[in-house]
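Please read the structure below before turning to the comments.
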């Protein structure tokens with residue numbers, strides 16, 4: 001009996017691309033697709049899929065909660081997350097038993113390698129992701145220990161909604177210096193935008209009660 005793959009993505013072009021790639025290299029699988037979270041929740045209950053390849057955006061703002069719901073509905077389902085780019089949620093998703101993190105900007109060869117590992121080994125994590133995950137785990141209770149004192153100051157001004165000019169005036173440094181500190185802290189925390197920075201702060205501060 002063919003193993004069943006469910007692809008969940010709101011963009012038909014992405015579903016088509018993944019389906020074509022999978023059929024060209026892994027023809028032993030039966031592939032179906034859905035485009036909304038509602039449909040995803042319905043079919044996961046109705047059919048015993050082996051693998052779910054799901055766009056992170058389909059889960060909405062509460063991605064981890066919706067992911068847990070999926071796992072509760074089908075505990076044996078192997079979930080691979082498909083996302084636009086690297087972000088701080090990857091490590092958290094690994095803790096939620098996600099078996100693979102894939103990126104839409106990966107080359108065809110990289111995706112094929114990832115799927116081959118997923119279907120033969122049962123999981124796929126890039127070396128970079130594993131390294132960052134271990135680094136984050138080793139940071140201890142305070143995830144900001146990797147930042148310098150000045151980077152932490154910039155961090156908290158950003159969280160409070162401060163702009164580059166405002167932060168520069170508050171700290172008595174040049175705007176270019178603030179931009180540099182901002183770029184460095186984004187890199188160290190593995191985030192790409194202010195929205196991700198706020199999500200990172202809310203998650204870690206609220207759950208762990210950090211005090212600085």
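Note that Cβ sites are derived from N, Cα and C of the backbone, with glycine treated the same way.
Feature annotation from TrEMBL assigns domain 'Response regulatory' to 4-119.
Here TrEMBL flags 55 as 4-aspartylphosphate. Non-local contacts of residue 55 (4-aspartylphosphate) by the CB criterion (under 8 A, 6+ apart in sequence, same chain) comprise 8, 9, 10, 11, 14, 82, 83. Under the DSSP three-state reduction, residue 55 (4-aspartylphosphate) is assigned to strand.
Under the heading domain 'HTH luxR-type', TrEMBL lists 140-205. Secondary structure of the domain 'HTH luxR-type' (140-205), assigned with DSSP and counted as helix (H, G, I), strand (E, B) and coil, comes to 50 helix, 0 strand, 16 coil.
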